[in-house]
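Features of the protein shown, as given by TrEMBL:
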type	residues	note
ACT_SITE	389	active site
ACT_SITE	441	active site
ACT_SITE	450	active site
DOMAIN	28-462	domain 'Glycoside hydrolase family 9'
SIGNAL	1-21	signal peptide
């Protein structure tokens, strides 16, 4: 994948190379539907009657009981059975942002996108209101969970409850949860104004908590956060990100003043569930590009430096960075197109079409235009990953095998087998190929074969963008 995702300052000739997929085109509409359906396979709690991934069942119905609160609902982050609010909130923010930007282009998938967002925000509302002076930020002991290979429907691992508080702060996770609630409030503003107002009110409350009690949740939670989802970038980026979304949702200029006090001028080299600077730059740049507000010109410059500058490559879970950055590319291209904006990178004139071409190459690579000629989205096309690192997908469903496998009973017959997973996790995007563009499709190779909610959440927007462009 080095040829596609190496850190480079791209030349005009490289960007303008046209890349065609297998058969010349891709069905972005089908991929969009499946990318959103994937979230139904990650649901925790009591499933609704219209659940489409039918091999999943109810799970985590006692979540929160150890703290005498109700924390049912939400999502399992990846192939395990743990609810980590930090990446879950980022997932929700990105899914909301893509729905805000592309909802009118989603057609029948808009309703499914809203349902996916609400599954998370209903859970976040519980987390924010279950107990005074506590913000609940996770359920399930990740260390115990990762020692087991069992279905979420009958898991026997302890469902530990984690929270941050004034004495054990978590500005990063609180800031991200505030961003998610604020962004989601915009998704529901016209279709459910009462719910939207509730989300925004809680976003303000959670953000105030993040600002007043500053500190990293990694320090407060220790091994419950690290090494799984450490806040490596610190919490300043989440305060910036949260304030940017509250500004978008409220138009209260005090949030801009707060951002300016942070001195958040970091030059990012990626955008992810941990590092939000690039996303915040693009979000703030909208007011300069679309709104012609010169108070936001510096954010526009940061955004353009990032959008044009690089596509970042890391050795593990590469596609999570590809989808997140591609989401920024299509969104900024959309902003540019609305005002016919162009900008210069050295001697190169950058247009909306320049960025669009770059973004399309990333999307098409994931869907099958790659040396493996494989779709990295499960269930899309005919050649896709069959041995996904995912407990529920790899173990027989309750309907087929009502008896529990226990903590470690699933390893030998189902984790280590070369057989394909019995349950297809439709829409799941896996970590992706190694630096040599090879994908071994081995369940034990979690860095390449494990899907995650935040990989998909960022990909929904680009799929809607390119699907609508064909209509």
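The backbone N, Cα and C atoms fix where each Cβ goes, glycine too.
In this structure, the CA atom of residue 441 (active site) is 9 Å away from the CA atom of residue 389 (active site).
For the pair residue 389 (active site) and residue 450 (active site), the Cα-Cα distance reads 5 Å. Neighbour counts were taken at the CB atom with a 10 A radius for the active-site residues 389, 441, 450; the maximum falls on 389. Averaged over the domain 'Glycoside hydrolase family 9' (28-462), the predicted model reaches a pLDDT of 95.
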